[in-house]
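Accompanying notes for the structure given below.
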Amino acid sequence: MDWLNAIVQGTLLGGLYVLFAAGLSLIFGVMRLVNIAHGDLIVLGAYLGLTVTTTVGLHPLAALVIVVPAMGLIGYALQRGLLNQTLGDDLLPPLLVTFGLSVILQNGLLELYTADPQKMDAGALETASVTVGGLTLGVLPLLTFGFAVAVIWGLQWTFYRTGLGRAFRAVSDNQDIAQLMGLNRRHIFGLAMALALAVTAIAGILLGIRTSFDPSIGGGRLIFGFEAVIIGGLGNLWGTLAGGVILGVAQTLGAKIDPGWQILSGHLAFLIILAIRPNGLFPRIAA
Amino acid sequence: MPDPILQMRGLTAHYGDFQALYGIDMHVDPGEVLAIIGANGAGKTTLMRSVTGLLRNGANQIRYRGQDISRLRADQVARRGLAMVPEGRQLFPSLSVKENLMIGAQVGRKGPWDLGAVYRLFPILDERKDQQSISLSGGQQQMVAIGRALMSNPDLLLFDEISLGLAPIVIKDIYAALPGIIKDGMSAIIVEQDIAQALKVSGRVYCLQEGRVSLEGASDKVTREEISRAYFGIA
């Protein structure tokens, strides 16, 4: 029962990693951009949530209504104003620029909010639990997992069922020809980043309810996100969901053996999968 | 004589330090089918990239319906009614046949061409509409590429090497469909290595050689000698 419990808790923890990873997966899929600042943008989302909850007095989940569109706008502006200029045949400029952005974000947050750990107050939600078949499940982790599945489903639906998704795929396939068909890739990339950061806002707020955070923790979130994306296979959204769950389960199983092994066992699982399947478990195939 | 729909004056194009076009003067009249021929490396593809906005050019070098389009992006040019069937088809591999066609309609121009009209022109595409575009044969892919361009209801349609890499029988089919495509006052530029085919379907012809116009004339008037001189530069 203990082991089953660890697997179930790990799956729910994986939901959070899926939310970390979904935005990364999306922007890599559309524009081959590896965003080193993604973890810090998650933390930015958490701080925006904190500011909204403390100044307006909203519940953190209600703050999503403000933070999600705000992060979307930031994403569009960031892409049009900065990141579009770095895209081309060379992979290095976007890496360097987003690395710089990561440093700027961390230090900017440090100036604004200090290095003190912060946490969002979600009231009874933080400790609420339900018992299912002898297992006690936290309502917040369940909610997080629900968000993760909904986000992946929503992104998948957007990609394969809407005009916007068709434009994303066309631009991803062939930028020049997409441009010939009247699609302005700079605008499309801006929309993709807006969507990615809107998801990041959800990740940031759920992170901020679950644990305390400070401006320096972005790097760790980035690694978990990357690992989930790569385990699942680049550019495959359902794969990202599987990748996040595998990472979460590996961590809780490791912690079950020895509490000090939690993070390490996640990384080990990632390395083993990478060694056996260098392209991830479900490399990109068209749906 | 009506004003030309497309006019190039002193068009130059560069790839870095390399100059590909040296002052091209060319025009397309409304409703006209123009052929552009020339050897590999003569500048035909560069010319197409310039006209469609994939390459930026000097101000006032390209005018479309009297307006300067030389500095516009490709998507802005497309919105004005200029579409291209690119060399090598270049379909979107992760999109189905139908989705490829729908991308063409993204510019939102009204006109006779919609999914139904394209399926009537190429009935095989209706049968294959949910397949991945790259699972089709070369000729069927070319139909998708033509349909995709038509979906934008262009006033001027550019065909870049549409016979390249296709079996002769398929080329015959594609060219047989052309009169059904270029109608309703649409103008077209056909860039072609197959000179006989190009001359047959066009009213006027330009020959390019090393980035310059080496011959201009009515397609039924130019002689074989003139063409080989213009094509190969043999005096």
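Placement of Cβ uses the backbone N, Cα and C atoms for every residue, glycine included.
Worth saying up front: this structure is predicted, and the values here are computed from it rather than measured.
The feature transmembrane segment is assigned by TrEMBL to A:12-34 (among others). Within the same chain, residues 41-42, 83, 87, 91, 94-95, 98, 137-138, 141-142, 144-149, 151-152, 155, 168, 171-172, 188-189, 192-193, 195-197, 199-200, 202-203, 206-207, 210, 221-222, 224-229, 232, 234-237, 240-241, 243-249, 251-252, 284 sit at least 6 positions outside the transmembrane segment (A:12-34) and bring their C-beta atoms closer than 8 Å to a C-beta of that stretch.
Tertiary proximity for the transmembrane segment (A:41-71) is limited to same-chain residues at least six positions away from its ends with a CB under 8 Å from its CB atoms, namely 20, 23, 35, 105-106, 109, 112-113, 118, 120-123, 125, 197-198, 200-205, 207-209, 213, 215, 217-218, 221-222, 225. Positions annotated as transmembrane segment by TrEMBL: A:41-71 (among others).
Per TrEMBL, transmembrane segment is recorded for A:91-110 (among others). Cβ atoms under 8 Å from those of the transmembrane segment (A:91-110) belong to residues 32-41, 43-44, 47, 78, 82-83, 215-216, 218-219 of the same chain, restricted to positions at least 6 beyond its ends.
Note on the transmembrane segment (A:130-155): residues 1, 4-5, 8-9, 11-16, 18-19, 22, 26, 122, 195, 199, 202, 206, 209-210, 237-238, 240-241, 244 of its chain, located 6 or more positions outside it, place their CB under 8 angstroms from a CB of the stretch. The transmembrane segment annotation in TrEMBL covers A:130-155 (among others).
Residues annotated as transmembrane segment in TrEMBL: A:188-209 (among others).
Per TrEMBL, the feature transmembrane segment maps to A:221-247 (among others).
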